[in-house]
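Worksheet: one structure, shown below.
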Amino acid sequence: MRTLVVLLIGAVLLCSANAFLDELLAESVNDMTDKRACFDKYKSNICGGVISPAHCVRRSGRMAKFAKENCAHFCGFC
């Protein structure tokens, strides 16, 4: 009887540990995708050339909107 109780407790603990590991792995995958999301599409020719840091802090305007959407790394939004 004791052996059965010990085995059941061990099975429950093992299942909870596996669920915890699955949650950790899911969180690490989410973190990795967030890091990849921030990049400059036009780094070599527009961000830093045509777009200036002043465009990053403006509230409105075509250039400000473009800078916030496409030059996130240049503007320091990452």
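Each Cβ is built from the backbone N, Cα and C atoms, and glycine gets one as well.
Disulfide annotation in Swiss-Prot: CYS71 is bonded to CYS47, selected among CYS38, CYS47, CYS56. Looking up CYS56 in Swiss-Prot gives a disulphide bond to a cysteine among CYS75, CYS78, identified as CYS75. In this structure, the disulfide-bonded residues under consideration are CYS38, CYS47, CYS56, and the one with the smallest number of other Cβ atoms within 10 Å of its Cβ is CYS38. For the disulfide-bonded residues CYS71, CYS78, the ranking by surrounding Cβ atoms (within 10 Å, all protein chains) places CYS71 first. Across the range of the domain 'ShKT' (38-78), the DSSP-based residue counts are 18 helix, 2 strand, 21 coil.
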